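Taken from TrEMBL, the feature domain 'Cation/H+ exchanger transmembrane' applies to 20-376. Residues annotated as transmembrane segment in TrEMBL: 6-27, 39-58, 64-81, 93-116, 122-141, 153-175, 181-201, 274-295, 301-323, 360-383.
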Amino acid sequence: MERNLTVNKLIIDITLILLLLSLAKIFEAFLRYIHIEPFISWFIAGIILNIVVGNNISTQYFENIIRFTAILIVFLMGLSTDVEFLKHRARNSIIIGIFGISLTFILTFIVLHIIIRISLSLSLILSIILSNTASEIVSVATKAISHLDVKDYAIGASIFDDILAIVFTSIYLMLTNPIKIINSAMIGIPIFIAIITLIYVFSRIYIVVRKEFLKSIFIALLFISTAIAIYIEFSEILIAFLLGLFIKYVSRGHDHLLRYASIVSELRDDLEKILNIFFLPILFTSIGLMINISSININNIIMLALAMSIGKFLGCSIPSYYIVKDRLKSIELGVIMNLRGFLENTLILTLFIHGYMDTAFYSTIAVTPIIVTLATLVVIQIIKFYS
């Protein structure tokens, strides 16, 4: 009897996941014609399903898929982080990034901690996450921008934002029990050193192994290292990001024929396809589904959206004006840096799954970055039309 109930529950969960995926893809196809980003389409699909069936659908499988998606996203971020690109525009990109993060952080923190009265620690980490700019959305949005220097500075500053958001969120999740983290580090560090050594060895013998085998080894090492991190209660997000970064640059200076670089590039493309086909649609429809619509506080959304938008716009456009010496370019950059995307929503959802927010507050926080991004995309189209 108990076994039959378990099987029935599994069938229901799989059916629900397939339903979410189907809805996400249908909305993506419809809204593509009005140039809406896919992740917004997926979120809308989740909201509509939420209205129809309510947000009382919560399964262990959802949480596992979301956690797995977060690992893949930050691993992909590591594989995609272009250190050489950052060096090219490093100084100015970091200046723009720091000013944008700082002003947005201050304004968002004031709203969260002083006005909404959220706890100090949660206000700090949420202010950092909400101050982030989505490098993956910026890369797409800047294709419509004709000014190459604006494109370079925006991408460079957003990559810098992503790295800070991942690092600080990981630190926040680990600081809940510092003693346990010290004990975990003593166990985990030797294991992770062994994994990194294996990656180094395979990066040196890539010529004599098939590229499919090497990609499989890297994915297997990702799963092993993040599983160990979860088991010892270390940050699997930070481990996945650092692993991706290490895999990309471990063979730098030795890959004269660029064969290793092409393998990493193929791995990155494969991950992007898998994420876009399955995991990201499930993630963003889940975000919409987990929201308690009746608990959304419109006043808080307006205050947070204004703090995030004004902070990013002024924080990035003012220093960029002194760098590029052009008012239109600085306005473009200030607007583009308001784009939020996969990482911000994934980190917010990660905090929610770990129990740092209740459903009511999460519902407000989860909606805000998507509203800001949607408004920013509209402004970008207006700027493109008049420029």
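Glycine residues also receive a Cβ, built from the backbone N, Cα and C atoms like all the rest.
Curation does not apply to TrEMBL; its annotations are automatic.
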CB contact flag for the transmembrane segment (64-81) and the transmembrane segment (301-323), at least three pairs under 8 A: no
Stretch among 122-141, 274-295, 301-323 sharing the most Cβ pairs under 8 Å with the transmembrane segment (93-116): 301-323
Contacting positions for the transmembrane segment (122-141) when only residues 6+ beyond its ends and CB under 8 Å are counted: 37, 77, 80, 100-101, 104-105, 108-109, 112-113, 154-155, 157-159, 161-162, 164-165, 168-169, 172, 304, 308, 311-312, 336-344, 347-348, 351, 356-357, 365, 368-369, 373, 377, 380
